[in-house]
Structure formats: structure tokens, C-alpha cells
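Step one of this worksheet: look at the structure below.
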């Protein structure tokens with residue numbers, strides 16, 4: 001049997017596709033394209049939170065006006081549309097872990113958790129319950145057949161590349177998901193929205209963390225976890241106490257501006273000592289990192305990660321969403337997985353993701369990745385930080 005444009009057997013009219021509709025232009029265009037090609041399209045929107053500020057705030061998603069926009073687009077396309085209340089699930093799976101992670105001194109990525117749990121687990125099951133052959137989304141990433149399964153690849157429009165936030169997608173989920181925008185540049189997506197007469201054609205793209213009004217995540221965390229706003233010391237990596245802070249929630253590793261101390265030297269946040277409410281600062285060279293240890297690894301390579309050669313596997317690693325993939329070596333031994341960064345990186349924070357690729361081109365395959373549990377700096381900085389933490393432990397025990 002021949003395959004249709006979604007690599008599924010059968011004619012489009014015999015293929016049901018659930019489209020995850022956020023109310024934005026991307027997912028709306030996905031619904032429009034598939035409807036135009038003759039697929040049996042069903043739109044589903046998740047209500048994830050209900051902050052009153054989001055109702056009229058530009059750049060939000062999955063609440064207020066966005067749900068209404070998704071409904072209007074579905075109506076104009078002539079497709080059924082359902083709104084599912086996932087607010088409690090979103091709080092449990094995304095918002096609470098986000099706050100807990102900050103309290104522990106990490107810099108979390110809630111978008112990964114949302115994709116990993118709510119969107120690609122819960123919503124995928126809903127799509128199956130609706131009898132769908134696939135779940136389509138407006139993410140900028142590509143997938144294509146790889147033997148009996150499908151593999152992920154970076155999109156044509158690397159400026160919109162969302163593969164960093166999708167590294168935790170499991171093989172089972174990848175096989176069921178479809179990403180119709182992966183081969184299109186954003187400008188063309190806007191043009192298609194105009195052609196289809198979609199009311200959201202000129203709508204602003206979502207910005208920042210969707211559930212954080214005006215991007216002030218510290219307000220949300222302080223409300224959920226008041227201890228994150230406990231004051232403490234700002235300490236130089238060499239042991240000097242430089243001043244006080246109003247809560248580690250206001251800081252992240254690699255930060256330079258707004259530290260709150262003036263010493264005449266350029267200082268960066270090197271480490272967040274959550275247990276002792278301390279912000280550790282130091283010179284830029286103290287941020288230089290060549291090795292990161294990963295947890296919760298999702299490996300999508302063809303060879304099982306436990307079977308990697310002792311010499312490791314040459315890959316390209318991305319440790320921040322805004323940075324390009326850089327040369328690295330992936331290693332796995334004794335139950336641990338780590339990545340050695342050939343050129344080193346600065347400002348690597350625990351809780352962030354390290355995503356692995358076959359190369360640095362826009363056709364690179366995504367090999368998965370993991371969350372950064374800890375990292376190793378240059379030997380001198382590593383020893384200074386170790387000594388500083390050991391002294392704090394002794395003081396606490398005294």
C-alpha cells in the first residue's frame with residue numbers, strides 16, 4: 001500500500017490526525033495544511049493554566065485568548081475542536097517540579113517537562129482514544145523513517161529549531177508524532193496562514209515561559225516556594241564574603257548583571273549553594289566547563305548507549321537552546337553518562353539540557369540527550385569550589 005504525505009498507509013481522507021492547537025499561527029497552519037490535503041483533522045487544545053494576566057497578554061499560550069483563537073481557526077477550517085482541562089496535571093507535572101528545581105539551585109527547562117509529560121504522553125493517549133492515526137504539532141523539527149522506526153532531525157529553519165526542547169521524546173512517541181512544519185521556513189508558514197485566511201496569521205509568537213506573566217519567574221517561584229526568596233551571602237569562589245542577596249531565585253549560573261556587589265572586577269554567578277542559601281561568584285574563567293554528567297538520559301541512537309566503545313562516540317552537543325551544537329565526545333560507563341566538550345563552554349547550569357546531534361548542520365540527526373546533573377570546571381576552579389563547599393559542610397555540622 002502506498003504512503004500518504006504523513007508516511008502513513010492509506011488515503012488522506014481515511015487517515016485521522018489530531019492536531020495539538022495552541023492558538024498560535026504554527027499549529028493553526030498545521031491544521032490548515034492537513035485539512036487542505038484531505039485528512040480527517042481533529043483539533044485539540046489543552047487548557048494548562050488560568051492566570052488572569054494571561055487572558056489578554058500577548059505572547060502567552062494555552063490559556064485565555066489563545067483557546068478562543070484555536071476555536072475560531074477550527075471553526076473556519078470546518079474541523080471539530082475540543083478543549084481539555086489539564087490545569088491540575090500541568091501544575092503537578094510542570095509547574096511544581098519547576099519551582100522545586102529552582103529551590104535546589106538548578107535552572108530548569110519547563111518546556112521540556114511539558115513536552116515530555118503533558119503534550120507527548122497525556123495528549124498522545126487522548127489522540128489514540130479519539131482513533132487518530134497520528135498526532136501532529138507545530139514544532140519546528142523533522143522526522144523521517146529509519147528502519148522500522150522514525151528518527152528526529154533538525155528543521156530547515158534553524159532559527160526556529162526546537163529540537164533542544166524535544167530531546168526527551170521517546171521512540172514510541174516519535175513513531176506516532178508528525179511535524180509538518182519541519183521542512184518550512186517561518187516566513188513561508190506566515191504566508192500559508194494568509195493564504196488560508198487564518199485569523200491568527202499576524203499573531204505574535206509566544207514568548208518566555210508560558211505560565212509566567214511578563215517573564216517574571218521569580219514571582220511565581222517565590223509564591224510557590226517562599227524559601228527560594230530567603231536572603232543569604234554572596235561569596236567569592238576564593239572564600240571572601242562580598243555581600244548579601246534576596247534569594248537564590250533571582251540568580252542563575254553564568255549571570256553577570258544584577259549580582260548586587262561592586263568589587264571593581266567582572267564577576268559571574270559560578271554556583272548556587274541552595275543548602276546554605278549562598279550565591280557563589282567568580283571570574284569568567286571559573287565558568288569554563290569541559291565535562292558534564294547527565295541524568296534522565298533519553299538515547300535515540302541506533303546503538304544502545306551501554307554498547308558505546310570505551311573511546312566514546314563523537315557527537316555534537318548543545319548545552320543551551322540559543323547556542324549551536326559543538327564538537328563533543330559522548331561516554332558511558334558504570335551506569336554513568338557524560339559528555340566531554342572539546343572546546344569547553346561557560347555558564348553551564350545544572351537542570352539545563354545537553355542535547356546530542358550527529359553534526360552541526362541543519363540536517364543533523366537528534367540523538368537525544370539528558371539533563372545536566374553536574375559539571376566539572378577547570379581543575380583550579382573545581383578545587384576552589386570543592387574546598388568552599390567542604391568548609392560550609394563543616395560549619396553546618398559544628
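Count begins at 1; order follows the chain as displayed.
Note: Cβ is positioned from N, Cα and C throughout, glycine not excepted.
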Q: Going by Swiss-Prot, 20, 21, 22, 23, 24, 25, 26, 27, 138 bind ATP; tell me which of 3, 46, 166, 224 is listed for that site too.
A: 46
Q: May I ask for the distance between residue 22 (ATP binding site) and residue 210 (disulfide bond), taken between their Cα atoms and rounded to an integer number of Å?
A: 11
Q: List the Cα distance (Å, whole number) between residue 352 (site 'Interaction with tRNA') and residue 26 (ATP binding site).
A: 26
Q. Which of the three DSSP-derived classes (helix, strand, coil) applies to residue 139 (site 'Interaction with tRNA')?
A. coil
Q.
In whole Å, how far does the CA atom of residue 210 (disulfide bond) lie from that of residue 20 (ATP binding site)?
A. 16
